[in-house]
Structure formats: C-alpha cells, structure tokens
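The following features are taken from Swiss-Prot:
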type	residues	note
CARBOHYD	Asn35	N-linked glycosylation site
CARBOHYD	Asn254	N-linked glycosylation site
TRANSMEM	55-75	transmembrane segment
TRANSMEM	78-98	transmembrane segment
TRANSMEM	101-119	transmembrane segment
TRANSMEM	136-156	transmembrane segment
TRANSMEM	164-184	transmembrane segment
TRANSMEM	313-333	transmembrane segment
TRANSMEM	361-381	transmembrane segment
TRANSMEM	392-412	transmembrane segment
Amino acid sequence: MGQWKVMILICLYGAVKEFRPTEPYMYEYQHTVLNISEHTLNSEVYPIWTYSYLVALIPSFLLTDVLLYKPILIIEALSYFACWMIFVFGRSVWCMQLLELFYGWATATEIAYFAYIYVKVPKEDYKSATAYTRAALLVGRFLAYTLAQLLIGLNWADYMTLNIINLVSMTFAVFLAAILPHVPWRNAYQKKLEDKKSVTDLESLVSEAKYSDYLKLFFVELHQNLYTIYKNPLVLKWSIWSALSSCIFYQIINYTQTLWGTLPEKENKYNGIPEALVPLLGIPADLITRQMNVNWNRWGDALISVGSLLQAGLLFWMSQSHEIIILYICYIIYRVIYQLTTTIAQSTLALTLDSRLFGLLFGINTFVALALQSILTAIVIDAEKLAIRAQFVVYSGYHIVVATLFGIIFGIWAIRTIWRKRSH
C-alpha cells in the first residue's frame, strides 16, 4: 500500500476513534440515568482511569516498538470498543469501574498512533505526517461533540442514543485498525539505522539482520536516549513543567463534568459546546504561537508563571460560580492556555532536542504526570474525600505553587542578567 494511502487510513482511524459523542455527557448519563451518586463516581469510579493509565503506560511504550505498532493500535481500538459495550449494556458501579480500566488502557496505547506513521513515511514527510495525524484527532472530536450538542440540545436523542452511536464508531475503528498494513520488523530496523550517520552498507545490514538485532538496537537506543535527554538542563526544566502541568490538566478534564453536574440538570444540556470549541480554538492558537518570534528560553519561565496564575484564578472562579456559562467559559480559557503553553514547550524543545527523542520524552513526562496525579487523587479524593468544589480550590492552589516556582526561576534569571550587565 502506498504511503499516502496509509496516511489517509491512519488519519481516518484517528478521526473515527476520537468520534466519541458520549464524552461531554458521561457524568450526566452515569449520575442521572444510572443513578450513581456524585460521591461514588468521584471516589470509586473516576480515579481508576488515572491508575489504569499509569500502570498501562510503560508496557504500552515499550511494547509499541517490540510488537511493531499495529497490535497496539488494535488493543487501543478494542479497549475503546469495550468501553462503549459496557456503556450500552452495563448498569452497575462495578461496570463503570471496569469501563474506566479499559479507558486507561485505550489512553495509554495512543502512543502507537503517532509512532506508526513515522515508520511508514520518509523522514522528510515527518512534519506533514504529524500535522495530519494531529488534525485528524481534532476533527474527530469537534464533529463528535458538535453532533452530541445538536442531538441533546435540540432533544432529538437521549444519552443512550449517543452511546449507541459511539459503539458503532468504535466498531468501525476496530475494523480500520485491523486493516492497517502491518509493519515488517526489517522496515522498523532500517528506519532506526538510517538515523545513524556512521552506518554504511545499510541494505546489507538489514538483509542479514535478525529480529533479535532489532530488539537489541531498540533497547540500546533507549538507554542512550535517556542519557541524552536528561543531561540537558533546559530539557529537564521543561520536562518538570510538563509533568506538573499535565498532572493537574488530567485531573481537571477528569472531574470538570462532575462540577458542571452540581448545577440543575437542564443547564447541562450544553456540555457539547465547550468541548467542541476547545479543539476549534486550539488550532489557531497553536498556529499563532508557533509563528511568534520570541526567545522562549529567556521568557518561558515568566509565561509559565503568568499562565499558571491565570489558570489558578479560573479554577477558583469555577469553584465558586453557580452559573453554567461562567463554568463553560473558564473551562475553555483554561484549556486554551494549556494548549498555548504546551505548544511553546514543544517549540522550545524542538530547537534543543532531536525530534526522534520526542516520543520517549513525552512518554516519561506523561508517566511522571500520572504518578503525581495518582498521589494528588489519593490525597484529595481518597483520603480527604473533598467535595468537588473544594477539590477545585485545591487545584487552584496547585497552580499558584507552580506559578511561584517558575516565577522564582525567572526572578533568579532576571537578577543574574541585571548583575552581569552592571558588572560589565
């Protein structure tokens, strides 16, 4: 199959697997239709996603290359399929806990989606491949959430109808994952060797190689890349921010619907609007940020500090507000700020780090973020059993701590810069 046919197929898979119209109304369905209490959902159901994602991430990361991508993509599709089979036919708390387990597996295996295309296209097409595969995800989400809003907002369908549409979509995703071309290990081995400038007579090496040679090269590169990444202080700093920021971001998207659910049910008919607007606003925000001619190595700490303070204010406002429109607006702005700062971090790292190391860096940072989120969940939800509005006050305080940390780093840099100028 030609590389552009593969590109179209993987992008179609990406859009279909993200076509999940149930998501803006998951809490409403579980709370109002299944009659599961807010406390049970917060303390016994939703935390399982965090723990499942954490446990599944490292095996997924390692096995993606070892099993040559496609099997992991199939596991991702099957995990999403299992989620919505449970949504359609499950009714108990135990079923919802099992759903969160599969949801964690599906999220963890998403890494194969981005890794697969890099083995299938030439290196010079990596940039366009990344753009297309990411755009496919955004398109799938936007269409799903827009459809959900129309169906629920206009009373054309109920939550179970959304579940059935979702199940059909995930069934199609399984089919697409199954028909994706497999990746011969020799192709993957050749891709890795192409990045080594010292390698000569590439065709001979590949033709004489064994699968064990491919595995050996993978683990040797893994060790070397870990050292390369974390010996750079700039990469380490942005990695710390990425882990801290992603930790609280995952927590917010996991529990925002619970906060919306504290308002009368009729006001939650519009949950699809903010979820649809986030990817729609995220694309131009991402493009504008990438075009900005700013030295983020110098001003990045200040931006992170200001952005975290703004996010702290938004979360605190959400914790106090009983107006759904305020909650929606704060949520959208919060997500866009996260998108902007993440784009800046990626752009900065792109100037510092070999693009081949991004996947490894993302995997490690995500693992650290999930470990931190697990600790946060254990303290705020499992131990203290805080109500949802009190939780958002804590999350606001978390952002203030992050803002203070990076504000201090920026302050130290500014003082040193001024001192050096005066010394000269």
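In case you wondered, yes, glycine gets a Cβ from its N, Cα and C as well.
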For Asn35 (N-linked glycosylation site), name the DSSP secondary structure in the helix/strand/coil scheme. coil
Considering only Cβ pairs under 8 Å, which range in 55-75, 101-119, 136-156, 392-412 makes the most contacts with the transmembrane segment (164-184)? 55-75
With CB pairs under 8 Å as the measure, which of the listed stretches 55-75, 136-156, 313-333, 361-381 comes out on top against the transmembrane segment (101-119)? 55-75
Between Asn254 (N-linked glycosylation site) and Asn35 (N-linked glycosylation site), what is the CA-CA distance rounded to a whole number of Å? 19
State the non-local partners of the transmembrane segment (78-98) in its own chain: residues 6+ outside its ends, Cβ under 8 Å from one of its Cβ atoms. 17, 20, 22, 29-30, 34, 36, 40-41, 44-45, 48, 105-106, 109, 160, 163-164, 166-167, 170-171, 173-174
May I ask you to check whether the transmembrane segment (392-412) and the transmembrane segment (136-156) make contact, with contact taken as at least three Cβ pairs under 8 Å and only pairs 6 or more apart in sequence counted? no
Under a criterion of three or more Cβ pairs within a distance under 8 Å and sequence separation of at least 6, are the transmembrane segment (55-75) and the transmembrane segment (313-333) in contact? no
